[in-house]
Amino acid sequence: MQIFVKTLTGKTITLEVESSDTIDNVKAKIQDKEGIPPDQQRLIFAGKQLEDGRTLADYNIQKESTLHLVLRLRGGMQIFVKTLTGKTITLEVESSDTIDNVKAKIQDKEGIPPDQQRLIFAGKQLEDGRTLADYNIQKESTLHLVLRLRGGMQIFVKTLTGKTITLEVESSDTIDNVKAKIQDKEGIPPDQQRLIFAGKQLEDGRTLADYNIQKESTLHLVLRLRGGMQIFVKTLTGKTITLEVESSDTIDNVKAKIQDKEGIPPDQQRLIFAGKQLEDGRTLADYNIQKESTLHLVLRLRGGMQIFVKTLTGKTITLEVESSDTIDNVKAKIQDKEGIPPDQQRLIFAGKQLEDGRTLADYNIQKESTLHLVLRLRGGF
């Protein structure tokens, strides 16, 4: 078949290849045509640097695909690698070297196997397939080398079907790594996995240690449903925004999507569904929000205000609130202060009993207004 190779100068080379050709073979063909030695060639496809021993088929490169050719600059540069013991190693590298290559050089110098090496630069753990240039690592930059402890530990992953999977991991494993291990065992693609621990959704780039996940901890695996769905968000101005979401999206995710569309910072957004204010860490599925559901968006006014709540005993409680707070929210704040369950609270303002789903603004309750708290007797009606 024919494929194309585009150089940084904009020139396009046409090559006759077979799916079974290795990247080495392709580089040799480029050398025949253009005279560029293979060791100065880097080939990129779909944003990935191609490895010499792999075949075109491995990368799903098909007829008339276009590869990009980047030249490795000769001459390279020096970088430093500092270990936890304080020792500094000097390496000769090129910007186009991958993190794998750098780990191999460290192994040559120090004898530490690459799979026990974690490299950190500017507070970020470096991923094997990326290059030094990708991370803007320049001459005389210093990387930090942290060793992965051997031996690791076992953790458990519980699925919604109740099945428990046992994994061999290390504290330094990233959530990506854990998802890859789950894929190896269960065949579930990482992009369909959501991992939850202590009520928090775990982010791919972080490590188990970051979340204080220790041996024999149990994570919960929730599947992201493919395909997603549309929901609507209605603002107080009457405008309706359409969002593409999945049931497994958290309310945080939804607020981020609204920010992308409308530019409203998440901390100024309050989302209401079925009269309830939605909490950031929960998912759409938690609230039974289904396709074509409509959420209501209320803006939080900056700064908030104080109001007073007077009880029948004559005690006055001061609360920090915002106009956009619902009566539910106010009852929750009273519970936090006084320990009275919301279902035993009745709030009265201007002679009116206040309804849970409404906001302070709905009742024209302003700063330093006084509400009256009456307790509902148990068993009553």
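Note: Cβ is positioned from N, Cα and C throughout, glycine not excepted.
The annotation domain 'Ubiquitin-like 1' is assigned in Swiss-Prot to 1-76 on the grounds of sequence analysis. The feature ubiquitin cross-link is assigned by Swiss-Prot to Lys48, with similarity to another entry given as support. Residues or ranges marked as domain 'Ubiquitin-like 2' by Swiss-Prot: 77-152. Under the heading domain 'Ubiquitin-like 3', Swiss-Prot lists 153-228. Taken from Swiss-Prot, the feature domain 'Ubiquitin-like 4' covers 229-304, and the record attributes it to sequence analysis. Under the heading domain 'Ubiquitin-like 5', Swiss-Prot lists 305-380, citing sequence analysis as support.
Here the domain 'Ubiquitin-like 1' (1-76) is broken down by DSSP into helix, strand and coil counts: 18 helix, 26 strand, 32 coil. The average per-residue pLDDT of the prediction over the domain 'Ubiquitin-like 2' (77-152) is 84, rounded to a whole number.
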